[in-house]
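Residues annotated as region 'Disordered' in TrEMBL: 1-38, 53-82, 728-762. Among the features that TrEMBL reports, compositional bias 'Low complexity' is placed at 66-82. According to TrEMBL, the feature transmembrane segment maps to 138-157, 177-198, 205-225, 261-285, 297-323, 343-364, 418-438, 458-478, 490-508, 612-634, 646-671, 699-722. Taken from TrEMBL, the feature domain 'Major facilitator superfamily (MFS) profile' covers 138-721. Among the features that TrEMBL reports, domain 'Kazal-like' is placed at 531-588. The compositional bias 'Polar residues' feature in TrEMBL is assigned to 736-746.
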Amino acid sequence: MLGEPAGRGTSPPLELCSAGSEAAPRAPRTEMPQRCAGDKAAVSLPPLVFRSPPSAAVTDAPGRQASPGSALSPGAPGSAALSPLDPCSQPLCRPQAEKRARAAPDVHYVAAGPQGAACGWRAFAPGWLQAFNTPRGFLLFLCAAAFLQGMTVNGFINTVITSIERRYDLHSYQSGLIASSYDVAACLCLTFVSYFGGNGHKPRWLGWGVLVMGAGSLVFALPHFTAGAYDAQAADGVGTCGANRSVACGDGASGLSGYRLVFMLGQFLHGVGATPLYTLGVTYLDENVKSSYSPVYIATFYTAAILGPAAGYLIGGALLNVYTDVGSRTELTTESPLWVGAWWVGFLGAGAAAFLTAIPILGYPRQLPGSQRYVVMRVSETHQLKDSGPTAASNPDFGKTIRDLPLSIWLLLRNPTFILLCLAGATEATLIAGMSTFGPKFLEAQFSLSASEAATLFGYLVVPAGGGGTFLGGFFVNKFKLRGAGIIKLCLLCTLTSLLASFIFFIHCPNVPMAGVTASHSGSLLPDGHLDLTAPCNADCACRPEHYSPVCGSDGLTYYSPCHAGCPGAAVPSPSGQKVYRDCSCVPQNFSSGFGHATAGKCTSTCQRKPLLLVFIFVVIIFTFLSSIPALTATLRCVRDRQRSFALGIQWIVVRTLGGIPGPIAFGWVIDRACLLWQDQCGQQGSCFVYQNAAMSRYMLISGLAYKVLGFLFFAIACLLYKPPSESADGLGASLPSQSSASDNATDLPDAPSALQPHSDV
């Protein structure tokens, strides 16, 4: 049983006298609470108080000196006569000094001076700036960087990718290469950044990374300014019956497709710059706050990263309603297939904001003031291997050279808990990457929405579900004081809940009837895969399949184009602002003689299952993100302290290689299996126009269940194989104060001349 924290009893503190004269000014005193190292009855000990000598150091053993203000090492003489080499020539001032606390036999405490702990840029470090030199201050700027990264890479890119394809004549596989350039860059840089940055000046690595990320955003927006104005004319007659126009087929190379290399370069820079954020940023937070508070700080950081994509969907969707050449007048409307929105504005703003965010991050020190005591107080939860491992890994200089890289990798590969957590993270990343890319498309198909409406609705789901789940995951770890095995069990529970909620994909909304695709022109259902766009009512119109411009007839059927609806003339604006086609021969009129009319755009869905689908999709998202911070915390706790940054780098490589990169490809391939109507580009298959909702839900269910079951198994095996450290592994648990009694405020010890750091002999 551990003793109560020192300082609560009535015994006076013990003091070591200064080597100077009695008249010498007294230096500030550092008090260090102690616990009894024994495992018997609790013993309340007074705090040890050390005075810093003005000139000499205290020698705790032959040949070893401790810095001023340090505790006596084990084996150092207590009340015995001092050696001639000892600078302290005076005896202990109080009789209580004979009762000396026993420290851990393998830990020595040395002073770490405050040099270099000020916040600033070289010589410019004003006093008012030190108010931000706290974990909360750093968290603020780190959250801003994560928010910008998520908004740019996971928000703007997914929102504007179709506009970029239309503007620069890109094919789908080319836009896929643009999206994957981010993950390729991250995989190439993760090993280098996490290994060397983990032992370097983390804030500088982070600051320069944010600068590179901002440069990537500016490069991504560059084609808008170099490609010239968008020359697209609204041909109102094209696509109507009687306008027998054909599309000139041929190479028609406009030269704009070469800009895909610029977009790939911008995404590559995004990946390079964002690499330190989720490796060095996480470990820097974990090193500078109390262990029990670390999940809350990390959860706040990841919540900002989740809110970023949500903001990207909302802002990007709003910007797409603005014409790409801002200030220019055009006859195109947002419903036109030729419409291109202001996709580039968001990247300019994100790039400028990234430069402003990088400046304060570059000013932070290598370690925040007062952070050394958390290293002393943190009890290792490293997974215990069968043997103690190479003694070189315990060397304080381990991991600082490239020669230690193979051994570092080998130590991680021998950690089964770490490997299983990486694999579980890869399965979750596959689902997150696939749903973030094709979630808007799923909502668009199920509820017959426009692209901007689907992106906005998906953003409304991700904001509370993704952000709330991420923050609650860290909150639960801190609230219930979960340790290694308990954290993995929480991940297991979250995965099981989201797995059960995934069965909602058994339910789907029926397709809005489309003439010639899902229903005949008379309204009866067509068998799957049977397309019949031509009917007697439009046979004389010679409709071209290249002109896809859906219209909603007054009979409730969606038609492929005004031509397929038999509409002879151009549209006229209605009082509500919509384009209306009159006298369409394929649209029956029920209440009077003559033909019906059609309105530009698809018919709206009347699905009654929409609220139920949205609620359960919300549950799947929130519990998927709820396990992210606990899984990350478990990873930090199951590896050696010096390998945390490198372990996160290796984990991100596994997650991106097995999850982030193949996830969108796998989900895209599955969703393409549900396509009913493909685009016809002069005889070549283009993108999919119409999906079969039942098949899409079925394939999403199969994919979701497969990856969720794998994730559940990986978490379950990790929980079974995890071996918590023995109570006497390092002796720290008995000799160090409770973490719950420590504060995470760096100003708790304003008078302390130095902070304490552990140096292990093992």
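Even glycines carry a Cβ here, placed using N, Cα and C.
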Result, the transmembrane segment (261-285) in contact with the transmembrane segment (177-198) (3+ CB pairs under 8 Å): yes
Distal contacts, the transmembrane segment (699-722) - CB-CB under 8 A, six or more residues away: 383, 416-417, 420-421, 423-424, 427-428, 430-431, 434, 442, 484-485, 488-489, 491-492, 495-496, 498-499, 502-503, 505-506, 620, 631, 634, 638, 666-667, 670-671, 673-674
Positions on the same chain near the transmembrane segment (612-634), where near means CB under 8 A and six or more residues out: 282, 294-295, 298-299, 302, 306, 417, 421, 424-425, 428, 431-432, 435, 446, 461-462, 464-470, 472-474, 476-477, 482, 484, 487-488, 490-491, 494-495, 497-498, 501-502, 504, 507-509, 648, 704, 715, 718
Maximum Cβ pairs under 8 Å to the transmembrane segment (138-157) - stretch from the list 205-225, 343-364, 490-508: 343-364
Across the domain 'Major facilitator superfamily (MFS) profile' (138-721), average pLDDT on the 0 to 100 scale: 82
Segment-segment contact (the transmembrane segment (343-364); the transmembrane segment (205-225)) at 3 or more Cβ pairs under 8 Å: yes
Recorded stretch, among 205-225, 418-438, 458-478, 490-508, maximising Cβ pairs under 8 Å relative to the transmembrane segment (646-671): 418-438
For the transmembrane segment (297-323), sequence-distant contacts whose Cβ falls under 8 Å of one of its Cβ atoms, 6 or more beyond its ends: 135, 139, 142-144, 146-152, 154-160, 163, 277-278, 281-282, 285-286, 289, 330, 332, 334, 339-343, 345-346, 436, 440, 451-452, 455-456, 458-459, 462-463, 466-468, 470-475, 477, 625, 628-629, 632-633
Non-local residues, at least 6 beyond the ends, that sit with Cβ under 8 Å of the transmembrane segment (490-508): 424, 428, 446, 473, 476-477, 482, 609, 612-613, 616-617, 619-620, 623-624, 626-627, 630-631, 634, 693-694, 696-698, 700-701, 704-705, 708-709, 711-712, 715-716, 719
Long-range Cβ neighbours of the transmembrane segment (205-225) (under 8 Å; 6 or more residues past either end): 142, 145, 148-149, 152, 168, 193, 197, 259, 262-263, 265-270, 272-277, 280-281, 284, 324, 343-344, 347-348, 350-355, 357-359, 361-362
